[in-house]
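Pulled these features from Swiss-Prot for this protein:
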- 55: active site (ACT_SITE)
- 72: active site (ACT_SITE)
- 122: active site (ACT_SITE)
């Protein structure tokens, strides 16, 4: 197996005390956020569950700032997601109850990749992002922890893989420091998410 399973993601979130408002892990049919007055988060796969999934992304709703965060470790644009995975954020937003609000919603999404396409760590990066969301309210992207990651233009074949590879070291160090579940399952989690799992460069 490569990547991170739904069960592993839930254990990691629990070990980091990030379960408040967490709706669960979903496949591409995620219905969106349905309670606009509550903090809500989710980790969503761009593929269907019955086919094993494809790629994890994280989503979060902050009712105080009226912000919806969308985090894709590979930084794909909407058009690229549609082309590569047949997945659309816009379709999910239309299903969400948030659009029924009279207030304007701010949608923030990363525009750079932080994960190399040779890596299977998209799920781990999603958990890392949700940690930033909870710890730095209103500044899920603009904080010292998230900004410690190198960003690169989204590409199937990164021009400078080494800078993204450094992010994986930062990621593992973070989990070793913060998550008892990761420490107890370190060998397996690293083996299933390591660099070079996918031949992209």
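Cβ coordinates come from backbone N, Cα and C, glycine included.
From a predicted model like this one, the values you see are computed outputs, not experimental measurements.
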Taking only same-chain residues 6+ apart in sequence, whose CB is under 8 Å from that of residue 122 (active site), what do you get?
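Looking at Cβ-Cβ distances below 8 Å from residue 122 (active site), excluding near sequence neighbours, one finds 3, 4, 55, 56, 57, 73, 74, 115.
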Just counting, how many other CB atoms are there within 10 A of the CB of residue 55 (active site)?
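Looking across every protein chain shown, the total is 22.
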So, three-state DSSP: helix, strand or coil for residue 72 (active site)?
coil
How many neighbouring Cβ atoms, not counting its own, are there within 10 Å of the Cβ of residue 72 (active site)?
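That number is 30.
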